[in-house]
Amino acid sequence: MTLPDPAAAGRAAVEARRARAAVKRALRAGQRGPRDVAERAWQEPESPEGRLRVPEYLGALRGMGPKRVEQLLATLGIAEGKRLGGLGGLQRERVRGWLADVDPSRRPRLIVLAGPTAVGKGTVAQYVREHFPQIRHSVSATTRAPRPGEIDGVHYSFVSDAEFDRMVDEREFLEWATVHNQSRYGTPRSSVQAALDAGDSVLLEIDLQGARQVRESFPDAVLLFLAPPSWDELVRRLVGRGTETESERERRLETAKVELASQPEFDATIVNTDVAEAAREVVERILTAEADSGA
Ligand SMILES: Nc1ncnc2c1ncn2[C@@H]1O[C@H](COP(=O)(O)OP(=O)(O)OP(=O)(O)O)[C@@H](O)[C@H]1O
Ligand SMILES: Nc1nc2c(ncn2[C@@H]2O[C@H](COP(=O)(O)O)[C@@H](O)[C@H]2O)c(=O)[nH]1
């Protein structure tokens, strides 16, 4: 018979408390959206989000003091000791309704992050993914071969030419383009539309041709241009990445000149000197756009 290990149980309890505290900190800092946390709690009631007591969750939201939390619990018909993950269907619908009412003007937006090769679009997008999980990212399909370390379905969906043709014929792309005169890349329409319908903004890391197509079909999309601190630094980053041959680098730098000249078409330019700083600026633009009612 295995005896219970009180020390291990104590460590697990401390870990769980820390995880819940991290969720509350992220909510307070605006790094996680209240809807995102609630939906995760309902998908996985045993997750740190699901184990949060409802008053802890509400109390971590901006502008929610203890008095307002108490009143809201009464209005929503939720007992003080209830965990977020333990709410029943009706209570979840009430919380969803309240969250929608709190900020009815918040609109999910399509955000394009474009810019020349090797400026750091992928690096900045990855930083946003890790630090601001409330923002969704689209996974493009491409006919290019995977680089070492790239995972199918995570970095791209790597597809054959025939499969890409089929997706084009069946109108599965929101936009697509042949980039650097070589491989084809496209944004899947269904997953982006599903995220927008669910109330989430989606970040697309795509080329200039794709950005122009998005502007056509989504006039209220926000187009951000990521620029290098200098041309020499751009070349240094491309060479330093070491993933292209000399001829491929030349081809990419030719496209880069055209892309750099297109900056005035964008809503804003963000210079990528420091990754964390550039990522914060991208997120700030997204939050501002979400808060813009468009009136
Ligand atoms: N702010 C920065 N300072 C220094 N190096 C950076 C910075 N941002 C990105 N890099 C580096 O530059 C290289 C190119 O970055 P990345 O692959 O993210 O560019 P990209 O714009 O996605 O390129 P492409 O369009 O060719 O896919 C990488 O080696 C990355 O580590
Ligand atoms: N129009 C689109 N462009 C895309 C898409 N996904 C990526 N890209 C752009 O392609 C180049 C090259 O990317 P790499 O991974 O081969 O270095 C880069 O500018 C990307 O932003 C897409 O779905 N549509």
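Every residue gets a Cβ built from N, Cα and C, even glycine.
So that you can see what the record holds, here are the features copied from TrEMBL:
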- 25-49: region 'Disordered' (REGION)
- 33-49: compositional bias 'Basic and acidic residues' (COMPBIAS)
- 108-287: domain 'Guanylate kinase-like' (DOMAIN)
- GLY115, PRO116, THR117, ALA118, VAL119, GLY120, LYS121, GLY122: ATP binding site (BINDING)
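With DSSP classes pooled into helix, strand and coil, the tally for the region 'Disordered' (25-49) is 16 helix, 0 strand, 9 coil. Checking the binding-site residues PRO116, THR117, ALA118 against ligand 1 with a 6 Å cutoff on the Cβ atom leaves THR117, ALA118, in sequence order.
Neighbour counts were taken as the number of other C-beta atoms within 10 angstroms of each residue's C-beta; across the binding-site residues GLY115, PRO116, GLY122, the minimum falls on GLY122. Shown in sequence order, HIS180, LEU234, LEU238, ARG252, LEU253, THR255, ALA256, GLU259 are the residues of the chain, 6+ apart in sequence, with a C-beta less than 8 angstroms from the C-beta of THR117 (ATP binding site). Counting other C-beta atoms within 10 Å of each candidate's C-beta, the binding-site residues ALA118, VAL119 are led by VAL119. Neighbour list (GLY120 (ATP binding site), Cβ cut-off 8 Å, at least 6 residues apart, same chain): LEU226, PRO228, ARG237, ASN272, VAL275, ALA278. The residues near the ATP site, meaning same-chain residues not in GLY115, PRO116, THR117, ALA118, VAL119, GLY120, LYS121, GLY122 whose C-beta sits within 8 angstroms of the mean position of the site's C-beta atoms, are LEU226, PRO228, LEU234, ARG237, ASN272, in sequence order.
The average pLDDT computed for the domain 'Guanylate kinase-like' (108-287) is 94.
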